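Participant: Quick paste of what TrEMBL says about this protein:
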BINDING   A:TYR126, A:GLN187, A:ASN210  NAD(+) binding site
BINDING   A:SER233, A:GLN255, A:HIS258, A:HIS324, A:ASP357, A:GLU411, A:HIS416  substrate binding site
BINDING   A:GLN255, A:HIS258, A:ASP357, A:HIS416  Zn(2+) binding site
ACT_SITE  A:GLU323  active site, proton acceptor
ACT_SITE  A:HIS324  active site, proton acceptor
2 protein chains.
Amino acid sequence: MQIIEDSLDNLLKQVAIRTNKVANRAEVEKAVDDIIANVIENGDQALKDYEKKFDGIDLKDLRVSQQEIDDAYAQTDQKVIDALKLAKANITSFQQMEVEESFIDAKKKGVIRGEKIQPLAAVGLYVPGGTAAYPSSILMNVIPAKIAGVGRIVMVTPPQKDGLSKAVLAAAKIAGVDEIYTVGGAQAIAALAYGTETVPRVDKITGPGNVFVATAKKKVFGQVDIDMIAGPSEIGVIASSQSVPSQVAADLLSQAEHDKLARPMLITDDRQLADAVNKELARQVALLPRQEIAQAAMDNEGFIAVVDDIDDAFTLMNAVAPEHLEVQLPDAIEYLNQIKNAGSVFLGFSASEPLGDYLAGPNHILPTGGTARFFSPLGVQDFVKRTQFVSYTREALAKEKDAITTLARVEGLEAHARAIESRFEEK
Amino acid sequence: MQIIEDSLDNLLKQVAIRTNKVANRAEVEKAVDDIIANVIENGDQALKDYEKKFDGIDLKDLRVSQQEIDDAYAQTDQKVIDALKLAKANITSFQQMEVEESFIDAKKKGVIRGEKIQPLAAVGLYVPGGTAAYPSSILMNVIPAKIAGVGRIVMVTPPQKDGLSKAVLAAAKIAGVDEIYTVGGAQAIAALAYGTETVPRVDKITGPGNVFVATAKKKVFGQVDIDMIAGPSEIGVIASSQSVPSQVAADLLSQAEHDKLARPMLITDDRQLADAVNKELARQVALLPRQEIAQAAMDNEGFIAVVDDIDDAFTLMNAVAPEHLEVQLPDAIEYLNQIKNAGSVFLGFSASEPLGDYLAGPNHILPTGGTARFFSPLGVQDFVKRTQFVSYTREALAKEKDAITTLARVEGLEAHARAIESRFEEK
């Protein structure tokens, strides 16, 4: 990968340019608008028409039968089932720590105030087709929703000519998906947002997809809630002379193999390490089945930045706000307070990023493209809503009446003031 | 308002149609795209050009001076200052209960897992111009951000020919806004999302605005975070024969006066109450300065639904998912468990909705248009982000190594498996 050595200021400018890209895709927007309108109007028929048109598949039933799911589970390698179950246990024990509690406050005489936390009634999960259908992502989407108490979890995934992936169906069964429909693309998102005769309307849609899926999710935002708009994978590694070049390289490649636009990034205070990692990258990438993709990612988006010291490395990495951040340094946990912007952090020499993709328990659905500045990993919080409530006695209201009517009248909202005053008039 | 008496099923269908409107505004979208592109390219100059073009105002300085803010505060009626300070105290004591804690888990040998909660670095607040500039909304937006620990709070508001509202500037000072810029419309949103020479780039934008502002917020979502897309105000009242018609009517009018598209809604099991409230509405609306707006809201969007019993009233109201819900019933708090979808709930005869708009402490920035199904009131949670972290010893990783590599290889991600295995090879 290219090695850049420059002042921190100049490196920060380069990083800022990287995170500021704006996509403009008018044709996609138009196509997606048409698809959404058609699904609203024609429901199931529109879904079947699109599958015929785009994939050449004649769908009789949109819903996947329980028999098909059970068969897939039975045919899945026991090692895979065991691994999925271990992952489920770790994800569950982690995400349960995210559960928020309702509260009630009755400190003031005559006043009760509180906030009630409730699960969403129904959520939809989009699972892409082909090689991008990851069983692990099903666990990551569904488990926090289950912990939140969501009553109905609906999965949609494009039909495949040679049948749905057995591991995907097995993961859906293990995770606790309630129903699965074979519909993909923008039309699947429209179906979940508005409902059809067969596909239920949900309250929130999560899961990654291609540009049509991502655009449709953005379009239906407001009609339903959505998760983040996912971008290409990113890994930022902070390493020093004490890091192991072969391990740093292997971790960078683990994300580079995802996508030609993935961003493997190394920031180090040691030029020698930078060179050694580059040598390892060249050696290891040649051995990978997805060599072409990983090489393209390194060429397109990858970089190694050499900075003066480790403090500068954290400053620069916080400006990048990477999806995954590895701190490959001794006593890594001591740097936790220097990390401002990152989705998921891997501390120390043994916390290789794929540990988080599959098994450690933190979510792997994470903010990308610099959005770790303000977005968070998917979690239990994403599947609940809060409702505030307040109760005042007439006596408690009397004490604050004048303040309310004063503010209402400053804002020119006379009916607001009179509503309060109506409590103190003859009925 | 129109009174509808029908079966619950038919009422539910009518309600569902009401919440399912889709706006299509191609010209607005195009105009907003152009504005955003111009602000990215030309920065401050674009902002000044738009103010000249749209409002005929020649802006010398974009930033409002501290002197102007202090003067406005000094010139604001002491009663208003006191009311704003009482509101601030109540909002603060309520929203502090929303603070979430970071967690760390070290139960398993060699494994540390946790989640670190941090404030956003900077947030922007949009305050509309003219009569829609509400001091109370400034408190509601800024206080939760302050409690979250946001370092920089930036307010933008369109310049006014006769100067900014003094009460707005006073509220900004009381709430703790750090800096104020006189720029409005879609260009203000673009400036906050991308930054200009003068206006800083922020991490999240909140606050209501016209269709250009709302469209711009939707467009920059992903570049920054945004709050909900606000729609017209809504109030749903559940009342019975024991409710007071004049008070129910006054509360319905308090939201009807906001907007010709506001939605005052009453659901009751008592036809006599329905008629009595309608009589009161006719009497009271005639006395209001904003009579025309309130009357239009009642005619356009208002309704009184008469149902068989109070359980049906809650079922129907949950389908509406109103922004504000009043339970004007005896022992109102006992119905809390029947409320599934609502932004803010007012329990009992004295909890008139404007109490929540100004003073009780719960936020008044709430989900509208049926989005209380999945969105929550603005709160401290909206101004923080979560970062997950994990640390494994080599021994702990050894125990879960096979599960990770099994799942990686099922997903065809060889480099993921090798990254883990690299920890167990010779360096």
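In case you wondered, yes, glycine gets a Cβ from its N, Cα and C as well.
Keep in mind that TrEMBL annotations are predicted by a computer and have not been checked by a curator.
The model shown is predicted, which means the values in this text are computed figures rather than measured ones.
Tell me what's around each of these sites.
Facilitator: Under the DSSP three-state reduction, A:GLN187 (NAD(+) binding site) is assigned to helix. Around A:GLN187 (NAD(+) binding site), a 10 Å sphere centred on its CB holds 28 further CB atoms from the protein chains shown.
Taken residue by residue with DSSP, A:ASP357 (substrate binding site) is part of a helix. Taking Cβ-Cβ distances under 8 Å and a sequence separation of 6 or more, the neighbours of A:ASP357 (substrate binding site) in its chain are A:SER136, A:SER254, A:HIS364.
Packing around A:GLU323 (active site, proton acceptor) is summarised by its Cβ count: 29 other Cβ atoms lie within 10 angstroms of its Cβ, all protein chains included. DSSP classifies A:GLU323 (active site, proton acceptor) as coil under the three-state reduction.
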Participant: Quiz question: given the binding-site residues A:ASN210, A:SER233, A:GLN255, which has the greatest number of C-beta atoms lying within 10 angstroms of its own C-beta?
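Facilitator: Most Cβ neighbours within 10 Å: A:GLN255.
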Participant: Going through the binding-site residues A:TYR126, A:GLN187, A:HIS416 in order, which have a C-beta under 8 angstroms from some C-beta of chain B?
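Facilitator: Contact set vs B: A:HIS416.
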Participant: In the structure shown, which of the binding-site residues A:HIS324, A:HIS416 has the fewest other Cβ atoms within 10 Å?
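Facilitator: Minimum Cβ neighbour count within 10 Å, taken over the binding-site residues A:HIS324, A:HIS416, occurs at A:HIS324.
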Participant: Quick one: of A:TYR126, A:HIS258, which of the binding-site residues has the smallest count of other CB atoms within 10 A?
Facilitator: A:HIS258
Participant: Where A:HIS416 (substrate binding site) and A:GLU323 (active site, proton acceptor) are concerned, what is their Cα separation in Å, rounded?
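Facilitator: Roughly 46 Å, rounded to the nearest whole number.
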Participant: Which binding-site residues are spatial neighbours of A:GLU323 (active site, proton acceptor) here, meaning Cα within 10 Å, out of A:TYR126, A:GLN187, A:SER233, A:HIS258, A:GLU411?
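Facilitator: Those close enough are A:SER233.
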Participant: Just to confirm: which same-chain residues, 6+ apart in sequence, have a Cβ under 8 Å from the Cβ of A:GLU411 (substrate binding site)?
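Facilitator: Residues satisfying the criterion: none.
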Participant: Rounded to a whole number, how many Å is the Cα of A:TYR126 (NAD(+) binding site) away from the Cα of A:SER233 (substrate binding site)?
Facilitator: 18
